[in-house]
Amino acid sequence: MSSSHGYRASWWTYILHQVPHTNFQFEVVDNQFAPQEWPYQQALLFLASIAGLCLAISLILICVYLIRFCCCSSQEDDDSKSHRVCCVTWSCVAAVIICCAGIGIGFYGNSETNDGVYQVTYSLMNANHTLTSINLLISDTVELLSSVVRSDLTQLEEIFSKRTEFLVMIRNTRRQVESVAQQLAEISFWKGPEPNPNALAEQVNFIEDYRWLAYILLLLLDLIICLFTLLGLAKQIKWLVIVMTVVSFFVLLLSWGSMGLEMATAVGLSDFCSDPDAYVMNQTQAITNINPDILQYYISCNQDVTNPFRQRLTMSQRALSNIHSQLHGLEREAVPQFPTAEKNLLVVQGMLNTTEGNFHHLVALLNCRGLHKDYVDALKGLCYDGMEGILFLLLFSFLSALSFTAAICSLPRAWKRFQNRDLDYDDMDEDDPFNPQESKRFVQWQSSI
């Protein structure tokens, strides 16, 4: 489980993480998240192939039912046919209602997944902003210190060249300034390698936009099929029901296919979310070559992990204090004797004030709480909202596949019964919800009131 403060793997993550991981040779594979390794990829593909097996079973059931329908329908008596027509019609209606319920679940799951991915991209952009701010603050401060060393401190050395005690103080100040610049330059741990957090956020957002749109189109397609199927049954439009039956067959393939993809994604995501710290550390270090101590500091952010920048920050703080003391002594003792040095000392003092302000801002940015919060928010978005959304999408695909399987089996019998609806209605069951005679009686009864 993750040791990150503020994140704990959910119970559904734990359950999915315990799903057996088996490769194509039916050998058990380690469930540690390793998408770059072929055995782990085989395990996810094996899970996805379960949906393919379900598709094959549903196709066999459909074929068996249709063969039985074509061969045995003529042998049924009138009472049996009438009763079966009513059952078939209600079966179609029930399948459509279940499919509509699944569509509602799918819309919710798609929205939850999108919210989770949006939280991930937002956290990545925040982290990128923090890292960029650290680099800019360090580079600006180092440039400011270097410019003061090249100009004002060099001029002060020339002014105090004949006074050894003042010259020693200026040279000590120069060494302290150079030391601060060196310490700050070594703190900059993120050199902006690709992919940086912002580039990763853009890539994730790009993929999510197309994923969200694809599911919206699939959900709308399912909804349109359900509505037109109900319309065809209610109006007894044979050609419309036939078209919806054919389209339902293709959507059945999409439903089982999406279910396989969602099943593999859910299990893979649970493997990552059960222990994200190790994978994030290994991948980040492999890509960026950042010191492992720095990564551990920001990922864990607890009292057991020491701040890797503490020594450099402490040395820089002491150097700034020494510079302040030396400048105060020069202003008190040297300015009365060398009035021309006052302007340069004021410039150096302004540099010191600016550097101290930047230093305190840098200390706040380097604190682990900011980047760790972004890290935890990204984990929560991916492993809470994202995982929940994928599970709801998985349920949608399953309900949709079952509904379309039932509809494909039921609709042929339904359209066969109302193909001659204009000829005779006497053999239709009165309990049929779409009986035209019953509809006419209801209209006549309303008009007589």
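Glycine is no exception: its Cβ is also placed from the backbone N, Cα and C atoms.
Per Swiss-Prot, disulfide bond is recorded for CYS273-CYS383 (among others), and the stated evidence type is similarity to another entry.
Residues or ranges marked as disulfide bond by Swiss-Prot: CYS301-CYS368 (among others). The number of other CB atoms found within 10 A of the CB of CYS301 (disulfide bond), across every protein chain shown, is 20.
Here Swiss-Prot flags ASN128 (among others) as N-linked glycosylation site. Shown in sequence order, ASN196, PRO197, ASN198, ALA201 are the residues of the chain, 6+ apart in sequence, with a C-beta less than 8 angstroms from the C-beta of ASN128 (N-linked glycosylation site).
Over all protein chains present, the Cβ of ASN282 (N-linked glycosylation site) has 13 other Cβ atoms lying within 10 Å. Here Swiss-Prot flags ASN282 (among others) as N-linked glycosylation site.
There are 11 other Cβ atoms within 10 Å of the Cβ belonging to ASN353 (N-linked glycosylation site). Positions annotated as N-linked glycosylation site by Swiss-Prot, on the basis of sequence analysis: ASN353 (among others).
Secondary structure at ARG163 (site 'Essential for the formation of the channel-pore'), taken from DSSP and collapsed to helix, strand or coil, is coil. Sequence annotations record features per position, and here Swiss-Prot assigns site 'Essential for the formation of the channel-pore' to ARG163.
Mean pLDDT for the topological domain 'Extracellular' (1-43) in this predicted model: 85. Annotated topological domain 'Extracellular' per Swiss-Prot: 1-43 (among others), in sequence order, evidence recorded as similarity to another entry.
Feature annotation from Swiss-Prot assigns topological domain 'Cytoplasmic' to 65-86 (among others); the stated evidence is similarity to another entry.
Annotation comment: Swiss-Prot describes 108-212 (among others) as topological domain 'Extracellular'.
Residues or ranges marked as topological domain 'Cytoplasmic' by Swiss-Prot on the basis of similarity to another entry: 234-238 (among others).
What Swiss-Prot lists as topological domain 'Extracellular' is 260-388 (among others), and the listing cites similarity to another entry.
What Swiss-Prot lists as topological domain 'Cytoplasmic' is 410-449 (among others), and the listing cites similarity to another entry.
For 44-64 (among others), the entry in Swiss-Prot reads transmembrane segment, with the evidence type sequence analysis.
Among the features that Swiss-Prot reports, transmembrane segment is placed at 87-107 (among others), with the record citing sequence analysis.
As annotated by Swiss-Prot, transmembrane segment applies to 213-233 (among others).
Residues or ranges marked as transmembrane segment by Swiss-Prot: 239-259 (among others).
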Would you please pick out, from the disulfide-bonded residues CYS273, CYS368, the one with the fewest other Cβ atoms within 10 Å of its Cβ? CYS368
At an 8 Å Cβ cut-off, counting only pairs 6 or more apart in sequence, do the transmembrane segment (87-107) and the transmembrane segment (213-233) clear the bar of 3 or more pairs? yes
Tally every other Cβ atom lying within 10 Å of the Cβ atom of CYS383 (disulfide bond). 25
List the helix, strand and coil residue totals of the topological domain 'Extracellular' (1-43) as derived from DSSP. 13 helix, 2 strand, 28 coil
Using DSSP, break the topological domain 'Extracellular' (260-388) down into helix, strand and coil residues and give each count. 108 helix, 0 strand, 21 coil
